[in-house]
């Protein structure tokens, strides 16, 4: 079965390479040198930020075990991270609109560097502090940088459709290529060079420091609503009012929470799904294959977003439906293929089928990220962008905390079935979003043309 891994990886690599090399002028928008310089600067910073995040991922759990902590203690550490992102991260991330997105991005770097430093201590309280800091950093990573990019892109007068180029390239590099290289580099530091499980965290801190230096020296500041009359509570009220009064924003938040909740649940479940009887599977190689699948998805997304048809609201319905089917595969294979009772060995036939489906799901993830970024840039108002984006993460973090707390209470098939239901619901809500957006465009054709020209979302009525 080992040949299967290489065939799958090689096949995906060939498809990704052919897609990138075969792009025509229809797939590539003509851009200016000023935009290319701006885009490359952001991609460099984003790649360094994601490297700082990806380097830590493979060794967090392992590091805790080397300090002598069991599943229960480690589970509480992970819950603390998601809980911190929900509580403190929402507040800190929302301050980006008022205090500045550049400042929030620097805060991300400092907070995550401090989190990396805590990994040197085996004391549980210090590790818990590190998880709290990491949760705050995660909220900033998924709100401040995108908010800065959208505002700066519009401020510099670039074509609105060029935003999609930056989004798709950021996911192709940051969530694909950088993730693969980071995993290999972390393995080199820990295993090949024998520097121990803390080494990837030290390397992550170095990459974060380099990114912070570039931000400080090249980025300009931009804000959402920096008026002195609006305190944090007022910002929260404005964001909540925007979500409740605009169905498009509410639908977008629900879709994002449903998909990302399923995605994070998948992260916890794919290992036991592929090795239910402790089969010997190459975790690092499979992770690299998943990231290659994500690169395939972002490459497909770049082609879709470069064209006027189909609209992002349209094709994402199919993406969510395909995602739902792929996460239903573990339920189907367990019912149709008699599971082996032999411990160890290589991956089973059912595992091979599931791995192929999981790679398809990761390709859908690669399409999802630049597409959801595009829709957020269209529908979320600029003056409360970071605040609303962090509001979207509250139900996600609650969901993940519940899953982590009860992960051993439900059979794996039930968990995958729940994710499938969430993804089908996301597809239904996506269709509703398309209908609402089309109705809005037909009702306000003049506003739509201005929006498409300026690349800005509808302002809040405050």
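Note that Cβ sites are derived from N, Cα and C of the backbone, with glycine treated the same way.
Curation plays no part in TrEMBL annotations; they are all automatic predictions.
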Residues flagged as transmembrane segment in TrEMBL, choosing from 43-62, 103-122: 43-62
Interface check, the transmembrane segment (318-338) with the transmembrane segment (414-433), three or more C-beta pairs under 8 A: yes
Tertiary contacts of the transmembrane segment (170-189) (same chain, 6+ residues out, Cβ under 8 Å): 42-43, 46-47, 49-51, 54-55, 57-59, 195, 199-200, 203, 284, 287-288, 291-292, 294-295, 298-299, 301-302, 365-366, 369-370
Contact set, same chain, for the transmembrane segment (74-96): CB under 8 Å, 6 or more residues outside the stretch: 61, 64-65, 103-104, 107, 127-128, 131-140, 143-144, 147, 224, 232, 235-236, 239, 386-387, 389-391, 393-394, 397-398, 400-401, 404-405, 407
